[in-house]
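Quick look at what Swiss-Prot annotates:
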type	residues	note
BINDING	14, 15, 16, 17, 18, 19, 20, 21	ATP binding site
BINDING	185, 188	[4Fe-4S] cluster binding site
């Protein structure tokens, strides 16, 4: 039930392990920090990371007459979270489902969750272009979707998969809002590229979509995993916070 949701943003990645869920989580927290009511929907069925990243593992969801009720992280209900991880007894339990069952579950997540009034719903997807993504795109035809953000590291292998994501979005009619790159930053001021540099910038220029910023992987940000603390609150002067502010400003301007 997305009738109370004003804006829907999908977060994609061509490969796993590039920081997509971290970007989704911190983007949701940054939007909340900016005064918006936000929902975060984790549909990465085989690798749900959002409950761990927000310290919500072990939370129990329940169903009411109107559908599933998401987990709220605060009494003011400024951040609502839904994930397949809440349905698993153990974080290490695998989800061994065939395509049709995955499709059914994602449709339920997109249509049967009782979201309250939300300014933004961030959808964290699995990596790649699979049945899950096709299901999301089909459901988005029935609900206004603002577009997709693609998360990548700048090495050529990851960028090749990003090109596939871009083609997928174009074929399914999803607007591309921009690319976010992930680097490694061993200290506060000097960013070290362990891959090739400027790959995302050059690709964004080539396909004519915005390059939203480069998020350095700051060890201090990793410490925030397991809590609902935003980088903007805890590390307001960090390079990561500066990039997140820019992304939020870009999204708010578009919506």
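Numbers run from 1 along the shown chain.
Note: Cβ is positioned from N, Cα and C throughout, glycine not excepted.
Other than 14, 15, 16, 17, 18, 19, 20, 21, the residues of this chain whose Cβ falls within 8 Å of the Cβ centroid of the ATP site are, in sequence order, 13, 127, 151, 152, 153. With every protein chain in view, the residue among the binding-site residues 14, 16, 17 whose Cβ has the most Cβ partners within 10 Å turns out to be 14. In terms of local Cβ density within 10 Å, 20 ranks first among the binding-site residues 15, 20.
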